[in-house]
């Protein structure tokens, strides 16, 4: 039986997970939370990760009931993500691999989300909507690659939501996107916002610029509430995502949709996608916050797949890259 430990820390979450042949043995995680109205800087995020990563590592081993000798491979997030936090995780993973005398595997963060989603939901060959703070892509598998059919041409959907949360000082605890989702449930009035779909791609920067400009005017004049703006923003950006996902499904002849990434936890997005799938006679697969939010187990699972087909990373090649596209990875384990 193959046991893989995975280190993830590409953004404001540091997680270490252990997987054994498709079974998640442990998956502890910590989140760096900033005050309302503020984002998280790479240097400060890296400092947070550095302060807790060894504690999280011990938790992962204790929770799994394993010793270093029981681990067969060490996987880490190579990218994409924020440079400084990625470096901290790669440094610790490299050190652990050498101390434990285990092979090392550098994992694409996006592939980690997809493989975790496939494992947890049982989706066989889905059209994937990958939505997070740093990424927005519609993906399908073909000929040993996860092909990107559509993506954001500027900022990610999660970044759009996070930056709007800063404008109206929504709390970052547990996450700005979660708090926007809760406020949106109380929204009663739809405020029309720009809707920008360009073929298979989407754009969120114009929507963000517009809502940043009008938010304080509309709120101070009583034209709408903060809850109305949260509702309107969600409805608009999620409609765009459902549209391009359906277009990719039609192109691929797919009858499965898998939503992954931190924004994929949003129940309203899942509901809207579910309606589209029902109309097409398709099936929707989604996970909860344990696995859709960045976590170590997803890196361990992708690393497990790679290790089994002989894909390992030499120490000299164990760098990180902030720009590591989903379609650059040789997906040898699928065939």
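The first residue you see is number 1, and the count goes up from there.
Positions of Cβ are set from backbone N, Cα and C atoms, glycine also.
It should be emphasised that the depicted structure is a prediction, and the values quoted were computed from it without experimental measurement.
TrEMBL annotations:
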DOMAIN    29-300  domain 'Gcp-like'
BINDING   109, 113, 130, 294  divalent metal cation binding site
BINDING   130, 131, 132, 133, 134, 162, 177, 181, 266  substrate binding site
Open item on the list: Same chain only, sequence gap of 6 or more: which residues have a CB within under 8 Å of the CB of residue 134 (substrate binding site)?
Closed with: 10, 11, 80, 81, 82, 156, 158, 159
TODO: For residue 132 (substrate binding site), list the number of other Cβ atoms lying within 10 Å of its Cβ atom.
DONE: 25
Task: Per-region confidence, the domain 'Gcp-like' (29-300) (mean pLDDT, whole number) - done: 97
TODO: Work out how many Å separate residue 266 (substrate binding site) and residue 113 (divalent metal cation binding site) at their Cα atoms, rounded off.
DONE: 16
Task: Pairwise Cα distance for residue 177 (substrate binding site)/residue 294 (divalent metal cation binding site) [Å, integer] - done: 14
Task: Additional residues around divalent metal cation, ordered along the sequence, whose Cβ is within 8 Å of the centroid of 109, 113, 130, 294 - done: 10, 110, 112, 114, 132, 135, 260, 261, 262, 298
Task: Rounded Cα separation (Å) that holds between residue 132 (substrate binding site) and residue 113 (divalent metal cation binding site) - done: 10
Open item on the list: Excluding near sequence neighbours, so keeping only residues 6 or more apart in the same chain, what lies with its CB under 8 A of residue 294 (divalent metal cation binding site)?
Closed with: 8, 10, 11, 13, 15, 29, 109, 132, 262
Task: Lowest local Cβ density (other Cβ within 10 Å) among binding-site residues: 109, 113 - done: 109
TODO: May I ask which residues of the same chain, at least 6 positions away in sequence, place their Cβ under 8 angstroms from the Cβ of residue 130 (divalent metal cation binding site)?
DONE: 110, 113, 114, 136, 137, 138, 139, 260, 261, 264, 326
Task: For substrate, whose listed binding residues are 130, 131, 132, 133, 134, 162, 177, 181, 266, the greatest C-alpha pairwise distance in Å - done: 18
